[in-house]
Amino acid sequence: MSHLGTIACKISNLNQLRQLHAQIICNSLHYHNYWVALLIGQCTRLRAPLAYTRLIFQSAPCPNVFVFTSMLKFYSQLGAHHDVVSLFEQMQGCGVRPDAFVYPILIKSSGKAGITFHAHVLKLGHGLDRYVRNSIMDIYAKYGPIEISRELFDEIPDKTVADWNLMISGYWNWGDEAEACRLFDVMPERNVVTWTAMVTGYSKVKNLESARRCFNEMPEKSVVSWNAMLSGYAQNGFAEETLRLFDEMINTKHQPDETTWVTVISACSSRGNPILAESLVRMLNLKQIRLNCFVKTALLDMYAKCGSLATAQKIFDELGVYRNSVTWNAMISAYARVGDLTSARELFKNMPKRNVVSWNSMIAGYAQNGQSALAIELFKEMISTKDSKPDEVTMVSVISACGHLGALELGNCAVNFLTEKQIKLSISGFNSLIFMYSKCGRMKDAMRIFHEMGTRDVISYNTLIAGFAAHGHGSEAIKLMLKMKEEGIELDRVTYIGVLTACSHAGLLEEGRKVFESIKAPAIDHFACMVDLLGRMGELDEAKRLIERMPMEPHAGVYGSLLNACRIYRRVKLGEFAANKLFELEPDNSGNYVLLSNIYASVGRWEDVERIRLAMIKGGVKKTTGWSWVEFGGKMHKFIVGDRSHERSEDIYRLLRELGKKMRGVGYIADKSCVLRDVEEEDKEEMVGTHSEKLAIAFSLLVTEVGSVIRVVKNLRVCWDCHTAIKMISKLEGREIIVRDNNRFHCFNNGLCSCKDFW
């Protein structure tokens, strides 16, 4: 059968391997251990599908040590570590005695548990085998204590370059730069692997200058060396340097391999540049690069991030049996990123095996696309399935979702989960806690987290400033901005938006002017904030003059601020001017029509109210439904105006009637100016009396303990009537009522509101 052996040496792809396999079957050799081991070895080299390779292994009726070892190597290169351990147990069950070649594979695949084989290999007399010894040293170098690895290293009488390289990599792994460099300096002989280990080590500690110096000094470079430097740049966010170095590599004798392409394509993905993506693909085609599943997955991710979802889906479909968890996760993230959560969830449901990244992609998808309640529900499902443990990434999405919902009870549960599972938080995690507490009306807790942080970034400051802004704490926002400057943290566009918004909500006109004037190059959003501040303070003409002086074309936010100010001060003509601009800029936004209708209704111009209503109908513009929700019993209870679908509706409306009598007894008169239809006065009172926030508060009064705080989240602005009514309810019922509308927080207590009736 020597001709079959000759053919085996020339195989270069999976089709040729299948042809050889067919020849072996035709010659009735497929059950011989020699040929089975040879075929599995070829499968390993060509990265054949798992199912196909398993069929070859199972064709051996009595596999010997060579067949088992070949299959173990296949599982190992596939990363199927659990299968390696299971096959080793099967090997022992079959009475096949492992040789020294098996143990390096087994130890490597066992992770930290590989340490348990140390004594085992010593008993079997394999301790002096250099491959076995290196695998044991490598386990201690990776998982510790590295001192044992060093003891084994020091005991070696004739140390090889591989031994030195292992120890250098081990010290880099533990962040011991000094010892890694000391060994590098004293080792008698270095090879390309040594230099590459230093490049990788410096990159790992983000010392890219030293990494590049080492790379440049290398006497000889391999494709692995180039990949190490490329990965160093890519993993530290230097996409430009990655692509520049790749251009240098193209001009050398070293041809990019699959790892190179994955690294470069990933760097290109971070840029999200379709033109750059296409140029890379053309280069791949020109060089006739064989696209394995890893390169294709990187391409899939690149196309997805460049907005070419159809191409990404095409690659996903082509991968077929070669799809791995990374491929599935990239596709799920791609759909979630563009807001197609239905397609993302369908993929999530159908993927063969989920990992923590799969769950995180889906949970983040819901959280980032305004589906916070579904994000939390999926998190609960994740915990119940127990197939993946939540990590910090999971918790950041969940905590942020709780913040968006204003769900303090659920947020506290998430914080308790963090503590219980000992999940350590980075700056990003702490920032999400500041956001959650701010959005739930707990500024003291938000400030506590901020002050407890060892290291803060610009997002930490901006998040807390935004919290102060939403609560109308203008002075605190300004103080925090000054603290940023003292600590040398550069103020960005978002910082100024937060501070100007805080000044607007607190009525700090002069302070806001100074902040605005201090901005070197104000962006359009800064102008919008200033228009809002001037408008709220009644300086509408100055606000209009500022719009006319803007160096850029105003966007909807600018005119929206002006229109709202016109609503407050009943400036009809100026309101019509702002509204007409908005109808051009965003014709489908119902809020603009409603604000103009409010202005007309406030001065009794009902014919104009009807004209706006007909214009909305003609243009197909639907008014946004107002809703409010409160948290109780681990659930969010949602209400809309006039809602009677809740199971406690009868009790809610009974309590509202009782509250109405109490309020009228102390002088309450319903403010019906927000009702946009010219209907009977009694009907108007009924309409404002069943606004969603009133229903939500009545429900909370029914189900919560006497004296406890009531928290309500509303998707639209609180109307004047509800604002007045809630102030009275807070005093009559002796409750603190916190309402978060789409504009700011209103903290009602003892008949007063934190906004001082200024919103």
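Using N, Cα and C of the backbone, Cβ positions are placed for all residues, glycine too.
Feature annotations, reproduced from TrEMBL:
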type	residues	note
DOMAIN	667-759	domain 'DYW'
REPEAT	64-98	repeat 'PPR'
REPEAT	191-221	repeat 'PPR'
REPEAT	222-256	repeat 'PPR'
REPEAT	324-358	repeat 'PPR'
REPEAT	426-456	repeat 'PPR'
REPEAT	457-491	repeat 'PPR'
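When Cβ-Cβ distances below 8 Å are used as the criterion, the repeat 'PPR' (324-358) is approached by residues 293-294, 296-297, 300-301, 304-305, 307, 309, 312-313, 316, 364-366, 368-369, 371, 374, 387-391, 393-394 of the same chain, each at least six residues removed from its ends. Nonlocal intrachain contacts for the repeat 'PPR' (222-256), taken as residues 6+ away from its ends with a CB within less than 8 angstroms of a stretch CB, comprise 192-193, 195-196, 199-200, 202-203, 206, 208, 211-212, 215, 263-264, 266-268, 270-271, 276, 287, 289. According to DSSP, the secondary structure content of the repeat 'PPR' (191-221) in residues is 23 helix, 0 strand, 8 coil.
With DSSP classes pooled into helix, strand and coil, the tally for the repeat 'PPR' (64-98) is 27 helix, 0 strand, 8 coil. The DSSP breakdown of the repeat 'PPR' (324-358), given as helix, strand and coil counts, is 26 helix, 0 strand, 9 coil. Below 8 angstroms of C-beta separation, residues 392, 395-396, 399-400, 402-404, 406-408, 411, 414-415, 463-464, 466-468, 470-471, 473, 487, 489, 711, 738, 740, 745, 747 of the same chain, each at least six residues beyond the ends of the repeat 'PPR' (426-456), sit close to that stretch. Helix first, then strand, then coil: DSSP counts for the repeat 'PPR' (457-491) stand at 26 helix, 0 strand, 9 coil.
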